Structure formats: C-alpha cells, structure tokens
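K.L.:
Sharing the record's features from TrEMBL:
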DOMAIN    37-318  domain 'ABC transmembrane type-1'
DOMAIN    364-597  domain 'ABC transporter'
TRANSMEM  33-57  transmembrane segment
TRANSMEM  69-96  transmembrane segment
TRANSMEM  173-194  transmembrane segment
TRANSMEM  264-283  transmembrane segment
Amino acid sequence: MNGSTNIEADSIKKSSVVSNTFMRLLKLGKPYLGWYLILCLLAAVVSLATVGIAESLRRIINAATNQNMSFLISGGIFALVIVIVDALASFLLTYLSGVLEFKSTSKLQVSLLARLLNVQMKDLDRYHSADLISRINDSAPAAQQGINQKTIELFSNLMQITFLLTYLLSLQYALTLGTILICSLVPLVMIPFTSRLRSMHEQRQQIETAQQMFIQDTVQGAEVVRAFSLAPKLQNQFTQRVRQYFNIHLPVTRLEAVGYNMPFAVILSGLLYVLSYGGYLVIQGRLDVGAVAAFLICFEQITNPVSKLANLWTELQASLAQGKRLFEVLDLQEEDESLECNRDDSHHEMLINNNQAISGLYPITFENVGFHYGNHQVLTNVNLTIEPGKVTAFAGPSGSGKSTLLQLILATYEPNEGVIQSGKLPLSRISPRAWRNHLAYVSQEPYLFTGTLYENIAWGRPDATYEEIIKASKSAGIHDYIMRTPLQYQTSIGERGHTLSGGERQRLSIARAFVRAPKLLLLDEPTAALDSHNEEIVGQALQELMHDRTTVVIAHRLSTIRNADHIYYMEAGSIVEAGTHLELMTLQGQYYNMVETSMKKADISTPVREEEL
Ligand SMILES: Nc1ncnc2c1ncn2[C@@H]1O[C@H](COP(=O)(O)OP(=O)(O)OP(=O)(O)O)[C@@H](O)[C@H]1O
C-alpha cells in the first residue's frame, strides 16, 4: 500500500516536473513572438500553396481528360504562380527559421554562461566542468530548438493538415472521412514509444556527459597518463564506457526506428484505400479522375505533417530532457542574490557602507568562524584580525585549512558559523563583486588563459593602459623575458600557459596582480612550487607588491613568514598560536617546532637558508 502511494507520488512529481519544464521552455520563446508571427504567416502561405498545387494538378488532369486546351493553359499558369509563391515562402521560412534559431540559442548560451560565472562556488563544486560545457553546448540549443523549431513545425503542420482536409472535403466527403480516420491512426501508433523514449533519452544524456568528463580528464591529464603508462588502462575503461553507451543507445535507436517507421505502414494502407475507393467512385461517376490524383497528392501531403507531428512528440521528449538540464543551472542562485539585505537598508546606504568597507582602511575580523565542505568540518571557531596596511601570514601543516580561510576572505564561500567583517560590515552584506574589485589573489598554481602574454596580464584590470601593463610586468620581473619572446607582448602562451616555465607563469600572475593595484592582496604561497632561483626572483617581486598594502599570505617558506607583521599558526582548522615571528619563537610551541624542522631540512639542502632566519 505504502509502496504504491510512493510510486503514485513519484509519477505525479515527475509529470509536474515535465509540465513545468515544458512551460518554461515555452516562456523562452516569449521575446520572439514577432518572429513566430512572421514565420507562422509564411508557414500558412506554404500550406495554402500545397493546396494550390493539388488543385492545379486536378485542373490540368481534367482539362487533359476533357481535351480542353484553354483550361489546360489557365491550369498551367495557375500552377506556375503557385510554384513561385511556394518557392519564395519556403525560402524565407527556412532562412528566417535559421536566423531565429541562432539568435535565440546564442542568447540562451550567453545567459547560461553568465549564470555559471556568477553562481556560488559551493554550487559549482557539484558539477564536472565537462558536464557544464555540455549543458551550454548541447542542452541550450536542443532545448531552445525544442521550442522555436518545433513550435513553427507544429503550426505549419497543423495548418497544412487543416487546409488540405478542407480542400478534400470540398471534393468528396466520404473519401475524406476515410482519409481522416487513417491519418489519425498515425499518432496513435506512436503513443507506446514516447514515454519510454523520454526516460531513455535522459539516461543516454547522462552516459554521454560521463563520457565527456572521462575524455576531458584523460586529455587534460596527458602528462600523468604518459608518465604512469596509464594508456592501456584508460583505453580499456573507455571501451567499457562506450559499451555502456551502446547498451542504452541500441534500444533507443530500436525504439526510434520502430516509432518513426510505424506510421509509414499506416500511410501505405491509406494510399491503397484512396486508390481503390477513389477508383470505385470514378467508375460510379461520383468523382472525376483529376480529383483522385488530387486526393493522392493531398494524402501524401497530409500524412507527411501527421507523421512529423507524431515524431515531433518524440523529439520534444529529448528537448524536455535537455531543458531539465538547462534549467537546473539557470536556477542556481547567483552570489549577489544571497546577499543579506534587510528591509531597512536603502540601496544608497548599502553602497556607502560597501565603499567604506572595501576602502582598505578597516581591519578584517573573523568572529567564531566555522566552515565545512558538505559534512567535512574544516574550520572551527576561528577568531582573528587582519590589520590594514600590514602583512598577515598563516602557517600550519597541510590540510589545516589555510587556503579555505583565504577563500572565505575572497568571499568564494560563506562561513557556516560566525561572521567575517570588514570594519563593522559583515562580508555577507557586501556585494561579492564589489568586494573582489578591490582585491587581488595570487595562487600556488596560477591560472592562465589561452591568449597572449599581454591579455593575460590585462585580465588583472581590463581597462589598463599599455604603459601600465609594461610597468606591471617590469615590477613583476617578467618584462625582460617577454621582450625575448618572438612576438613580445603579443606572443601566445598556449593552453593554460603550457609554453611557460613555472616561474614565468607565476611572475605573469604577479604582474596581473600589480596592474590591478589592489587594496587587499591575497597570496596563497605563490613561491611554494618554485626552485630557489625562481623563488628569489618571484620573492623580490612579491615584496614590492606587498609593500604598504593589506596582505594576507599563506606561507610555507620561512623567509615569507619571518617578514610578516603578524602570524597565525593553524592546526586542524583552528588557530593555535598567534603573534610576531619573535614572539612565537619565544613561545617555543608548534610554530617553533615547525621552524626548527624547516631549519634542519634547509641545513641539509641549502645552508644559505639558515642565515635567512
Ligand atoms: N572544494 C573542496 N571540497 C571539499 N573539501 C575540500 C575542498 N577544498 C579543500 N577541502 C578539504 O579541506 C581541508 C583543508 O584544505 P585547505 O586546502 O584549506 O588546507 P591547507 O591548509 O591550505 O592545505 P595545503 O597547505 O596543503 O594547501 C582538507 O582536508 C581538504 O581536503
């Protein structure tokens, strides 16, 4: 009993999701109502022309049968006019449909990407990048076409059926009724296939996306694949995935093949009916030969849209499946939408507060901050202050939560407990976009975009002048290198900057931070992955960048930590020690142990480092 109630509730939920998706797909077409109107008008002209062609055929055949030359000529002229009108309207219909399809799809893709760029990071974390790419590249066009193309098709098919049947009724009542009966069987034979196809389309899409993710991971991890000789294993895995895809694709193709072809059996029996019953009516003297020919033409012209209508339903299932994927992303909340604004805040007040808060004049404070990724508690009861104009460093073992803390300052994630404030204003009430406009972030592994060296620096501040870009790259110590490349600032750096060394990539990202001239600088140990030579060059650039600027730095290198104004030492998501380097060394606690261990290591590898400390 309980089980059947659950099944019923499930199916009600599913059908409401389907109807909801359908209604939302329809709404996507709202801005293009004018286009639809023109296209429907053209579709109506094409449908009328089809009737005109059947009628001209009837006239020509009857004129020939009755050996009437003047009727033959007028029938020919009538046919010619109809053919010209039909050709013109068909051309315009196809062309304008294509333009509309491009316009509407690209607009949808743009808004989908805009949404992805602004959603909360915790939501983005749930998706694989290949899945998101496929939602933009595949789901958006398929869902949009399900509305644009299919709405026009639906209208033009219905129109064609109506005009043709009206014309046939005017020719012979009984023969037309039989035709209608046979035609109505076409969609009926499709019904058993449609609902099964919808769920199978969804499954197939999921497997397709998983395959794309696999390919993307394999291609991006090409170096590791080669280094660990993973090719045979991955090939094997991919073969299994292809087989899995085949296992779902095969029944879908079989169902589609039966579903699409069933109507043709009905159509053939219909033609047989028109020929035999029409022939009988001619013998009886109740119909002329030209009318039978017109009936044959019209029957073919009616069954075509009728079977298209039936297929339309099947195709709509695929569009609905894609629409569901599309709306899932479009429904994700944007960062600014989650801003905590109460009714007393006027927009103006918020702006003033924001500007004050992000002016870099106020300390950033954490009060009892806690954070978890899903169920994984990463930060617990964190209390700290980041003083303006000073360098605050975070040290601690790997996994203690330093990068996560930096992400909270970046407002990439929101704390689950406690509050982070800039001055007196909680970060949760500042627009993340406005907040980030005034800060720069340099990570351990800088992300570079496909493009030129110039473009990659300019991402720091797209409106920067050429001189500012040069100055920034000089400060970051990358200018000389750039000038040695073949096209200098216009040299392309390949996908994610793979043509550059680690040090060059890092200096480029520091130049990006320089050009931004941020009020708040966040550094996630940018020298951690560099050798000692590069570390020195990048280190000098960083010292200049940090000068007189509120800086938060995650430091593994002792040289970076030692120079900080204030140090927080973290363990297992909590701050266990805080103070200056000297204070913490005097304390002889965890920080002291870390320094001692590092010095011993440095002693073995590079004696110079000992002097640094
Ligand atoms: N996006 C994420 N989703 C889930 N868990 C995460 C995510 N990012 C980090 N973690 C987990 O949070 C914990 C803290 O990670 P975090 O990167 O903040 O530590 P860290 O101190 O910066 O480490 P490291 O010094 O090695 O960079 C780790 O256990 C990590 O596995």
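Cβ coordinates are placed from backbone N, Cα and C, and glycine is handled just like the others.
Caution: TrEMBL annotation is automatic and unverified by curators.
As the structure is a computational prediction, the values presented were derived from the model and not from experiment.
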K.L.:
On the 0 to 100 scale, where does the mean pLDDT of the domain 'ABC transporter' (364-597) fall?
P.N.:
88
K.L.:
Of the listed stretches (33-57, 69-96, 264-283), which one yields the highest count of Cβ-Cβ distances below 8 Å with the transmembrane segment (173-194)?
P.N.:
264-283
K.L.:
Any residues 6+ beyond the ends of the transmembrane segment (69-96) with a Cβ under 8 Å from its own?
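P.N.:
Residues 35, 38-39, 42-43, 45-46, 49-50, 52-53, 55-57, 59-60, 62-63, 152, 156.
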